[in-house]
Amino acid sequence: MEDMVNEEEEPLINIRNPKGGFRTLPFIIANQAFEKMASFGILPNMILYLTRHYEMEAAAATNVILLWSAATSFTPIVGAFLADSYFGRYLTIVFGSLLSSLGMLLLWLTATIPNLSPCDPLNMSCNSPTISQLAFLYSSLCLISIGAGGVRASSLAFGIDQLDKEKDAGIIEGYFNWSYALTAAAVLIGTTILAYIQENFGWIIGFGVPVVFMFISMVSLFLASSLYVKVEPKGNVISECARVVVASYRNRNHNLPSSNVSNDGLYYRDNDSEMLMPSDKFRFLNKACLIKNPQQDLTQDGRLKNQWSLCTIDQVEAFKAIIKIIPIWTTGMIMSINFSQGTFSVLEASTMNRNIFSNFEIPAASMSTFMILFTVLWIVLYDCVIIPSASKLRRSTTRLRVKQKMGIGLIGICLSTSSLAIVEGKRRKLAIDEGFQDFPQGVVNMSVMWLLPRQILDGFAEAFNGVGQNEFYICELPQSMSSVASTLSGLGMSIGNVMASLILSVVDDVTKGEGKESWVSSNINKGHYDYYYWLLFGLMLANFLAFLCFSKAYGPCKGEENESQVEEN
């Protein structure tokens with residue numbers, strides 16, 4: 001009888017619980033990794049497929065790809081909202097996998113069946129595409145974007161649902177690390193090996209392989225379907241936040257009791273809630289869950305009469321959690337500005353000696369793949385070497401706290417930007433000394449490997465800050481908002497890209513006045529990209545200092561108070 005009672009008290013994973021646990025994580029990671037491998041694998045050569053197979057103009061094809069990429073970046077945000085509010089994470093991933101598989105299949109059919117595309121795959125003769133053929137192509141791309149939104153919005157959070165945040169803290173950190181590493185490796189494989197297959201074996205095989213990958217992705221998900229913990233959605237996330245704002249404003253004239261007073265019917269809470277009292281941070285929001293008059297606010301069975309006049313403690317604390325993470329979230333957004341400078345690195349690499357061996361030259365655009373490679377290597381090094389070695393030396397389980405990881409990543413970004421500025425200054429000086437000031441295509445006597453430290457440090461920053469951001473958002477926000485939390489990093493990166501564009505435009509306008517050459521001139525030998533990078537270094541350094549202030553103001557993360565007490569004892 002005692003075992004049965006304990007089993008009922010433990011809602012998540014233990015030896016007796018048949019649901020969830022570490023055993024489910026490989027299936028979830030495989031689902032996400034193969035989806036990314038498939039979708040990223042069709043992206044690099046899509047411009048060639050549209051211009052050659054559909055005879056589009058380069059500008060029109062580029063616009064199609066840009067709109068498709070923008071939609072693929074936006075759909076995870078919509079998918080996260082739907083998962084947390086209506087469908088749940090498991091069903092969202094299922095729908096996403098099915099739609100993405102269907103989209104991949106339709107895209108493969110455009111390369112296989114003559115009537116579905118303007119090109120005959122047998123004699124390679126092409127005509128102008130018809131409206132129906134374009135509609136079929138665009139439908140496939142739309143399905144891929146929608147499907148990717150469903151999978152990417154919920155996969156990371158769905159994995160956390162299988163674990164106990166308090167008991168499995170070490171497993172959770174490892175899950176974040178390996179999930180990030182394996183999906184990054186999948187992207188690397190997709191953008192290199194699949195692109196090679198498409199160029200050398202044709203579109204039928206090149207688009208057929210992603211279809212197989214998506215089939216493996218679906219099978220991986222469904223194999224462990226009976227083992228998953230499937231958390232039910234608790235309602236519209238946006239409307240719940242809005243209710244807190246409206247209710248606190250409506251109750252603004254009511255006085256709050258002292259924080260030392262126990263909740264003896266003062267604050268409204270769900271019967272199954274673990275929170276007895278609202279926190280003291282952003283205390284004015286506590287008025288949203290303050291019971292003014294039980295007879296007016298509640299029904300006879302204790303339910304709310306008006307959800308826009310009174311909220312639960314859980315709803316108030318969830319809204320507070322969102323407000324609290326915003327300052328730290330902005331530091332991740334600003335960090336992503338550095339990652340938006342990849343096109344300039346391609347320009348610089350194209351003017352440097354890219355010969356590694358006598359008969360092999362690194363493509364300028366391939367330098368970015370080193371960043372993904374080093375991200376994976378840093379994650380593996382951290383999880384398999386650094387943490388075990390530190391734990392062995394201290395004779396106890398040792399791991400970096402999540403905000404420490406984020407701060408270390410921001411330091412890496414500062415070093416990355418400074419190394420890029422130093423290398424560009426050296427490259428520019430050599431170009432001028434060798435007479436290439438008016439010939440930006442000239443190749444200077446400087447190895448492209450000088451750009452490798454930037455890629456190493458960017459990978460270091462992504463391995464610590466990028467992984468740390470996802471861990472921070474998912475662990476700090478309520479479980480009912482985990483899907484939304486998993487998309488915050490991507491949302492910050494999207495806004496960071498816009499900010500990078502704005503900064504670039506301002507620098508260009510300010511520095512090219514009165515007949516002067518712009519710092520970011522199209523002639524990189526006349527411009528001063530090194531000055532531009534030093535400007536970004538100043539921004540990254542200020543961002544790191546701001547992070548230190550925000551981190552101190554935020555206080556300890558969930559579970560860290562108990563860890564500190566254990567260490568003191």
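From the backbone N, Cα and C atoms, a Cβ is placed for every residue, glycine too.
Among the features that TrEMBL reports, transmembrane segment is placed at 58-83 (among others). Outside the transmembrane segment (58-83), and at least 6 residues removed from its termini, the chain residues within Cβ reach (under 8 Å) are 39, 43, 46-47, 50-51, 89, 91-92, 96, 138, 141-142, 144-146, 148-150, 152-154, 157, 233, 237-238, 483-484, 486-487, 490-491, 494.
Annotation source TrEMBL lists transmembrane segment at 90-111 (among others). Sequence-distant contacts of the transmembrane segment (90-111), counting only residues of its own chain at least 6 positions beyond either end whose CB sits under 8 Å from a CB of the stretch, comprise 31, 35, 38-39, 42, 49, 53, 79, 82-83, 117, 121, 133, 136-137, 139-155, 158, 202-204, 206-208, 210-211, 214-215, 217-218, 221, 228, 230, 483.
Under the heading transmembrane segment, TrEMBL lists 131-154 (among others).
What TrEMBL records for 175-197 (among others) is transmembrane segment. Nonlocal intrachain contacts for the transmembrane segment (175-197), taken as residues 6+ away from its ends with a CB within less than 8 angstroms of a stretch CB, comprise 25, 29, 32-34, 36-45, 155-156, 159-160, 163, 205-206, 209-210, 369, 372-373, 375-376, 379-380, 382-383, 463, 466-467, 470-471.
Residues 23-24, 27-28, 30-35, 37-39, 41-42, 45, 49, 53, 93-94, 97-98, 100-101, 104-105, 107-108, 110-112, 121, 151, 194, 197 of the same chain sit 6 or more residues outside the transmembrane segment (203-224) yet have a Cβ under 8 Å from a Cβ within it. Sequence annotations record features per position, and here TrEMBL assigns transmembrane segment to 203-224 (among others).
For 325-344 (among others), the entry in TrEMBL reads transmembrane segment. Packing against the transmembrane segment (325-344) from elsewhere in the chain are residues 368, 403, 406, 409-410, 413, 416-417, 420, 458, 461-462, 465, 469, 472-473, 476-477, 488-489, 492-493, 495-497, 499-501, 503, 520, 524, 529, 533, 536, 539-540, 543-544, 546-547, 550-551, 553-554: each is 6 or more residues past its ends and has a CB under 8 Å from a CB in it.
Distant neighbours of the transmembrane segment (364-385): 174, 177-178, 180-181, 184-185, 187-188, 191-192, 342, 345-347, 349-350, 354, 448, 451-452, 455-456, 458-460, 462-464, 466-467; these residues of the same chain sit at least 6 beyond its ends, with a Cβ under 8 Å from one of its Cβ atoms. Under the heading transmembrane segment, TrEMBL lists 364-385 (among others).
Sequence annotations record features per position, and here TrEMBL assigns transmembrane segment to 406-423 (among others). If you look at the transmembrane segment (406-423), the same-chain residues 6 or more away from its ends with a CB under 8 A from one of its CBs are 328, 331-332, 335, 338, 341, 345, 348, 400, 450-451, 453-454, 457-458, 460-466, 468-469, 472, 530, 533-534, 536-537, 540-541, 543-544, 547-548, 551.
If you look up TrEMBL, you'll see 531-550 (among others) marked as transmembrane segment. Listed by sequence, the residues of this chain that lie at least six past the ends of the transmembrane segment (531-550) yet keep a Cβ under 8 A from its Cβ atoms are 327-328, 331, 334-335, 337-338, 341, 406-407, 410-411, 413-414, 417-418, 420-421, 424, 503, 507, 511, 519-520.
Proximity of distant same-chain residues to the transmembrane segment (131-154), defined by a Cβ-Cβ separation under 8 Å and at least 6 residues beyond the stretch ends, is recorded for 31-32, 35-36, 39, 42, 54, 64, 68, 71-72, 74-80, 82-83, 89-90, 92-93, 95-104, 106-107, 109-110, 116-118, 217, 483, 486-487, 490.
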